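**Student:** Have a look at this one before I ask anything.
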Amino acid sequence: MPTPAHLSKDPRYFDFRAARRVPETHAWPGLHDHPVVDGSGAGGGPDAVPVVDMRDPCAAEAVALAAQDWGAFLLEGHGVPLELLARVEAAIAGMFALPASEKMRAVRRPGDSCGYGSPPISSFFSKCMWSEGYTFSPANLRSDLRKLWPKAGHDYRHFCAVMEEFHREMRALADKLLELFLVALGLTGEQVAAVESEQKIAETMTATMHLNWYPKCPDPKRALGLIAHTDSGFFTFVLQSLVPGLQLFRHGPDRWVTVPAVPGAMVVNVGDLFQILTNGRFHSVYHRAVVNRDSDRISLGYFLGPPAHVKVAPLREALAGTPAAYRAVTWPEYMGVRKKAFTTGASALKMVAISTDNDAANHTDDLISS
């Protein structure tokens, strides 16, 4: 097991608690190139983050508007017990409060997708982010977490039980939201059933969970919790603590909109592969996480996407007489494209677009300075 002395020299570990300043390794330029506005809707303006209530008979229409205009929305009435969400947040806080030497037992190795460490996309950037993360697959939850708790004691069993309960609730919710998305595209109940019977999207969707801890920062104007990006999969549920920090990018004029921390609500982000599946009618959203001087922040991303071998292409029901804007790709193929995009500054969605002149392919995938 790594000792504290060894950790101080390990480039994979940074002691945020001991930091009295933001070192150059964690200082990001260009963070304030665009203004930041409040997304709570207090003034009733155009920057109010859309809210979808799944109990509302008109929820599909609300999803359609939000997915077309924002690529994200706050989800209420989802049915996941609030006391479970509180237990999930407490479990995450407890995990990140473990001694560094214990967390480093589960450090993510090069090429691995699961484990403890910096955000997975951090390898594409020269600067470090002001956060710690832990990624695991719900399908392999207990084996993944044995790296953190090799003795499988009480803390391990409690954490696994909470996350397994959360996964069951979220997987059921994902199926309901997928159906709502398809209805929002204009599909009838029969068409939704036919799509599922033919393509088995809901049946085969895979899930990944990524836990985030954003420590309070001595100089938040120079640091960034998570770099601006889009999610690669179908869609993501984000559970965040009552400390705001998630921001969505909006055009016309360019600005960052801070998502309000609403008790009991989740954030839903549309991903790149869902933009492809819907032929650009629903679009993915650039988002980032910022830090603050006074409070730690916790979030959990529950990512949904297709199995690795499945080709994702625009649904014919989404074409509505228009040509397909994107070629078919598997998730691993698309991740390879994203890797090239990160290193060249290009747009991954444009790289898989059939025609770069197609409005759907170019809706929101221009890169931004952040």
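Every residue, even glycine, has its Cβ placed from backbone N, Cα and C.
Sharing the feature lines straight out of Swiss-Prot:
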DOMAIN    205-306  domain 'Fe2OG dioxygenase'
BINDING   His229, Asp231, His287  Fe cation binding site
ACT_SITE  Arg297  active site
**Student:** Applying the rule Cβ within 8 Å of the centroid of the Cβ atoms of His229, Asp231, His287, what extra residues of the same chain belong around the Fe cation site?
**Tutor:** Ala228, Thr230, Thr236, Asn269, Gly271, Ser284, Val285, Tyr286, Arg288
**Student:** Where His287 (Fe cation binding site) and Arg297 (active site) are concerned, what is their Cα separation in Å, rounded?
**Tutor:** 16
**Student:** Pull the DSSP breakdown for the domain 'Fe2OG dioxygenase' (205-306) and write it out as helix, strand, coil residue counts.
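**Tutor:** Output for the domain 'Fe2OG dioxygenase' (205-306) reads 6 helix, 45 strand, 51 coil.
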**Student:** Applying a 10 Å Cβ distance cut-off over all chains shown, what neighbour count does Asp231 (Fe cation binding site) have?
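**Tutor:** Other Cβ atoms found within 10 Å: 24.
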**Student:** What is the total of other Cβ atoms whose distance to the Cβ of Arg297 (active site) is within 10 Å?
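**Tutor:** The answer is 23 other Cβ atoms.
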**Student:** Pick the one among the binding-site residues His229, His287 whose Cβ has the fewest other Cβ atoms within 10 Å in this structure.
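**Tutor:** His229, out of the binding-site residues His229, His287, has the fewest neighbouring Cβ atoms within 10 Å.
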**Student:** Roughly how many Å lie between the Cα atoms of Asp231 (Fe cation binding site) and the residue listed as 'active site', rounded to a whole value?
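**Tutor:** Here the two Cα atoms are 20 Å apart.
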